[in-house]
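Asks: Below is the structure I would like to discuss, written out as structure tokens.
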Ligand code: ADP
């Protein structure tokens with residue numbers, strides 16, 4: 001590493017005042033305080049002082065010392081530049097930010113101008129929300145960064161961007177909706193006014209929060225920045241943005257440009273997302289319904305993973321966006337359903353499309369890397385391929401679509417992907433096809449990606465280089481003959497260039513010759529050069545340099561073209577994602593026999609033979625079938641009850657039933673078919689699910705407190721268009737407390753919120769509500785006893801469960817017989833009294849049932865029963881035996 005050596009000699013000596021130290025300290029000063037500084041030295045990124053200690057600990061790499069600063073040894077560690085991405089990924093995951101300080105001049109140039117240091121500058125700040133490297137991102141998940149702004153008047157807005165795709169958008173939100181909006185966006189990082197820092201930290205616990213000074217959220221300067229960046233006279237061109245939205249967009253833009261070391265952010269023009277255009281789903285509901293990840297945090301086992309049949313990463317990201325933010329607009333939902341419906345019905349078209357889509361890959365992220373100056377030849381190739389596959393797709397799909405009733409979304413995609421009316425893009429695609437080799441390398445710096453025939457100048461230089469290489473190859477034979485050493489070899493390395501090598505015992509003839517100049521003696525070999533070789537070497541190196549220069553010019557010209565064509569390329573990528581999403585959903589719908597939901601504005605819900613997609617998939621793997629169930633609700637209380645109480649034994653399928661209907665709402669409003677025989681669904685504005693309650697220790701709340709906070713948010717927010725599922729509310733406290741609360745919550749939902757609600761409870765007493773309230777009903781999950789076992793049928797039937805099977809479940813779980821018998825007595829007692837508390841007060845502790853500690857002695861009846869062998873009895877004998885047994889029954893005590 002001659003570059004690094006050159007500087008290392010100048011690295012801090014005892015006085016600490018070397019030029020390089022001064023440069024390091026200045027760079028450290030200019031980088032953000034909360035970022036580690038990667039300081040490029042030759043082939044390594046080095047870290048010093050506290051940065052080194054933190055990074056060495058996080059990466060588990062050696063911490064060394066180098067020189068001294070103010071009398072103290074300087075801590076240092078380093079990572080090879082070649083593999084720096086992997087280390088960056090680990091640091092980002094561990095919660096760090098990294099400022100990358102690059103060399104901005106050639107060390108030779110620095111030496112030539114007499115400087116003792118190479119110039120360096122911060123090239124980029126890597127943060128969780130600003131990643132673009134494929135290796136640092138999950139291809140099928142979006143990586144967003146969000147900013148929350150509040151105006152002095154109290155208006156709030158969220159802006160978000162995805163650097164790797166160029167998405168840039170904002171939406172208004174009221175203070176109570178921030179958590180739900182953030183949960184929908186699921187950003188990796190988010191920015192907020194530092195004045196609110198502590199209050200905000202809890203809003204998006206999975207994301208890294210970066211507090212910014214208040215001034216960054218100033219709406220006036222934000223507007224100026226946006227107008228300048230997007231080259232418009234007024235932001236109205238993009239929509240009617242509020243002050244808060246502009247402030248949020250501006251702060252975000254500023255932060256992204258800072259992360260790019262001042263380079264302009266390459267984002268699509270800002271898009272305004274209407275409030276209320278998405279189904280509001282708060283974080284607790286998201287978690288409980290396991291929409292895009294399970295409660296354990298995994299994608300596998302979530303609704304998204306279960307229905308995802310997309311074949312490309314952008315398609316997967318589009319589907320995730322849909323599912324996490326289902327729409328409330330009927331026209332949009334219907335348009336999406338139209339597309340899915342057409343593709344579900346046209347298998348051949350769908351299959352052909354999916355094959356082409358798969359070949360089209362991920363042009364979105366390739367484009368963004370190119371625009372950010374981080375792209376390579378492979379990204380160019382990806383764009384060219386996507387354009388060509390898209391064109392083929394458009395032609396095929398265009399033909400398959402009927403003239404009159406083609407789904408609008410598919411028509412649009414065909415129009416976007418077709419290149420016939422887009423000369424620039426068509427030329428770009430054709431040029432890329434010719435200019436690039438079949439499998440271009442990732443990075444442009446080593447060349448070798450421009451195909452033969454694209455540039456005459458390049459071909460000539462390459463020919464020259466190759467011709468010289470051939471001559472070198474020929475020289476080996478010539479030299480071997482001339483010297484009489486048959487084993488003579490011509491080799492190459494970076495230090496000597498081309499050289500002649502012979503074994504030590506064959507060295508003498510060459511040593512004696514004037515033509516061979518001795519260069520090196522190794523353990524077993526001796527190396528020589530010749531003037532001829534040196535000349536060829538220079539020729540080859542010159543030609544290779546020239547070829548590299550030409551290739552990088554060609555790369556640059558294509559890169560500039562992507563800038564000019566950015567909008568068209570983005571639209572093309574968007575259309576491919578849209579098609580993949582629709583075709584994937586169609587594939588899933590066919591596979592699972594799902595149907596198109598009939599979407600209406602009235603608050604109804606009528607599902608016939610509905611299924612839980614995730615539970616069904618899991619059962620199917622185990623070879624079991626899912627039992628479909630109907631569900632009917634009507635917020636108006638006309639076609640069906642508004643509130644339905646769900647009872648039944650534990651494990652009978654209550655939670656599953658509740659969730660499957662909530663998922664039906666999400667799927668339908670996301671534009672997916674639903675797993676049912678038929679479904680008529682009134683579009684919901686908010687969806688709530690509270691299933692069970694787990695301790696939220698991270699937030700320092702008890703189970704019960706969590707439950708009540710969650711219930712409160714529903715009762716305070718749900719309206720006539722909302723859909724609520726509640727499971728076992730009030731479980732976390734004493735029976736009477738819990739029952740009273742559950743009762744009151746149900747009444748409130750029914751009378752005040754007037755929303756559609758499914759309410760599962762183990763409080764049997766609550767089934768009386770169906771009689772007392774106008775629009776409430778009971779359903780229950782059926783179970784039957786068979787051969788002394790409880791068998792769950794998983795069927796939902798009208799009416800309340802006839803009894804609680806809790807004790808039976810406890811018996812199956814292996815509670816001792818004595819405890820079970822005791823529980824039965826207590827239950828009988830409780831159920832026979834109007835005032836259960838009184839019943840408990842005079843519950844005989846030792847009389848009615850045998851004490852739990854002693855195993856029960858068999859009774860006379862039991863003894864006699866044991867002696868009977870039914871197979872040996874005639875019907876007459878059996879009847880006699882029955883009378884006999886009955887006579888021996890003990891007198892019933894009361
Ligand atoms: P509960 O809430 O009543 O305790 P769950 O909804 O948790 O019961 O269901 C218990 C188990 O029963 C589930 O894990 C699932 O395997 C099975 N199950 C539930 N509903 C069905 C169904 N409709 N068809 C088949 N199996 C079901």
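Quick reminder: no glycine exception, Cβ is built from N, Cα and C everywhere.
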Asks: Examine the ranges 526-553, 554-581, 582-609, 610-637 and name the one recorded by TrEMBL as coiled coil.
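Replies: Checked against TrEMBL: coiled coil maps to 526-553.
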Asks: Specify all same-chain residues, apart from the site residues 648, 649, 650, 651, 652, 653, 654, 655, whose Cβ lies within 8 angstroms of the center of the Cβ atoms of the ATP site, ordered by sequence.
Replies: 781, 792
Asks: Scan 649, 652, 653 for binding-site residues whose C-beta lands under 6 Å from an atom of ligand 1 and note them, or write none.
Replies: 652, 653
Asks: Test of understanding: give the count of other CB atoms lying within 10 angstroms of the CB of residue 654 (ATP binding site).
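Replies: Other Cβ atoms found within 10 Å: 25.
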Asks: On a count of neighbouring CB atoms within 10 A, which of the binding-site residues 648, 649, 653 is highest?
Replies: 648
Asks: What are the sequence-distant neighbours of residue 651 (ATP binding site), meaning same chain, six or more residues apart, C-beta distance under 8 angstroms?
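Replies: Spatial neighbours, sequence-distant, of residue 651 (ATP binding site): 792, 809.
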Asks: For a quick check of packing: other C-beta atoms within 10 Å of the C-beta of residue 652 (ATP binding site), how many?
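Replies: The answer is 24 other Cβ atoms.
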Asks: Over all shown protein chains, what is the count of other CB atoms within 10 A of the CB belonging to residue 655 (ATP binding site)?
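Replies: Within a 10 Å radius of the Cβ of residue 655 (ATP binding site) lie 21 other Cβ atoms.
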